[in-house]
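Per TrEMBL, these features apply:
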type	residues	note
DOMAIN	48-105	domain 'CTLH'
REPEAT	218-251	repeat 'WD'
REPEAT	263-304	repeat 'WD'
REPEAT	450-476	repeat 'WD'
REPEAT	477-509	repeat 'WD'
Amino acid sequence: METPLANLGSKKLIKKHEFVRVIIQCLYSLGYRESAVSLESESGISYKSDEFETLESCIRDANWDACIETLNRLNGLKNETRASALFLVLKQWFLEYLNLGEDSLALEILRKKMSGLEVGKDKVHTLAFGLLSLKDLGLDKEDPDGIYNFRKKLLTELEKVLPPPITVPDRRLEYLVEMAVWSQIDKCVFHNSVDAVTLYEDHQCDASQFPSKTIQILSNHVNEVWYVQFSNNGSYLASSSSDNTAIIWKVLDDGKLTQRHELRSHQKPVSFVAWSPDDTMLLTCGNIEVLKLWDVETGTCKHTYGDADFIVSSCAWFPDSKRFVCGSSDPEKGIYMWDSEGNEIKSWKGTRMPKVLDLAITPDGEKLISIFSDKDIRILNVGTGGERVISEEHPITSLSLSGDGKFFIVNLNSQEIHMWDIAGEWLSPMKFEGHKQHKYVIRSCFGGLDSTFIASGSEDSKVYIWNRRGSKPIKFLCGHSMTVNCVSWNPKKPQMLASASDDQTIRIWGPDVRSK
């Protein structure tokens, strides 16, 4: 038998006794019972503590008084923890009396033993109602294994309630290894793969799984390309241009894109597109253009909203794909909510709603975020009408939401991108810098695996990429010859990025397999 007191590891931070114990637990949880028993025998270390084995023996023999006495003797327990554990034991005692038909004894448990516990009264009331029906409590007299199974469940629940070292948290070794792996991933600035991470070596990605090489140039537009956005399912890309058109592109299985529809109906430049959440419809608009709704499958225009006097600068869908909002750069128009049939549902306008530069709806449909008065961000709760305003020091040109709807970024003409949390817990934003932006509307986006990265266009013809944990770019992509106006990261293909430029092209970026 080995001594359990030695410490392990180069820094001697791991207690050998605890390490062996969690290994034994892991073996049991993986189904290697014989190996676990053998390791317990060889090491002299038991997975279960003496205190828990005593509890297990008392529960197995239905010695409830001894079980309660054991719990009361345990040192270091918080009052609420002890109360929770006692309640579980008393509940089992109560149920077994009911199962035996001893209703008066069961009632005595409720009155005399449970009444003084600091647990929710609703739990005790639930048991009291159980006097009327065992099945409501999950126990059936006709089930011969019912009591046995309930005792097993009690032991499992006690393992979750009682703290270490009395018990070992469930799947502790797996949790520790996973946290170690996650810590390495968290420090890896290029991590962008869904593949499982090997345990055989420390994790560190290179740029081989990162969009860093132009894999296709799309040149179907005949003037500056102002906007690109991948569909929510990652199967399409929409682009808009100052040539008065928008194009829907199909993403093929080999990663190449091909034109699906050219949308010709606008009379002026198209500066914005928005996919419906179900990807069946597409909205297009421009700073001096009307709003149009298109059928993605056929490429036909389903509806035109407003008239030549109704100028729409941006739009966003609600999650039901039936309603959307649009913002106008005309201060008198504000924000309108429409349905896909062309009916106006609601509007926000007036002195408190000056010209709207950009807007977005959170994925749950609860928050409407808009950029107005150049420097102000308004977060409106659509249901309650409550709002919060964030003021920036410099003019804002664009807005983008993270995929999980918890964060948003804004591009400022001070050559910074600011990231805010939508919940309002941050007092100041995270800041990203390095790109060039003085005169034009430059758009950025979240992207990559778990929206870990931020990408942005730039007036120096490059695409800049940051890991959200750092303020400096980790990569910039060269290829365009003029200002890059907008970028979009494929939400289903974390290694695919699109960029739109004044050089009249769209570039599709993918991994450079030669960098492996």
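Quick reminder: no glycine exception, Cβ is built from N, Cα and C everywhere.
Curation plays no part in TrEMBL annotations; they are all automatic predictions.
Residues 223, 226-227, 229, 231-233, 235-236, 238-248, 310-321, 324, 326, 329, 340-342, 441 of the same chain lie 6 or more positions beyond the ends of the repeat 'WD' (263-304) yet place their CB under 8 Å from a CB of it.
Long-range neighbours of the repeat 'WD' (477-509) within the same chain, counting only residues 6 or more positions beyond its ends whose Cβ lies under 8 Å from a Cβ of the stretch, are 192-194, 209-219, 221-230, 232-235, 237, 239, 241, 251, 255-257, 403, 440-449, 453, 455-459, 461-465.
Residues belonging to the repeat 'WD' (477-509) score a mean pLDDT of 97 in the model.
Across the repeat 'WD' (218-251), DSSP helix (H, G, I), strand (E, B) and coil residues number 0 helix, 20 strand, 14 coil. Within the repeat 'WD' (477-509), the DSSP-based counts of helix, strand and coil residues read 0 helix, 16 strand, 17 coil.
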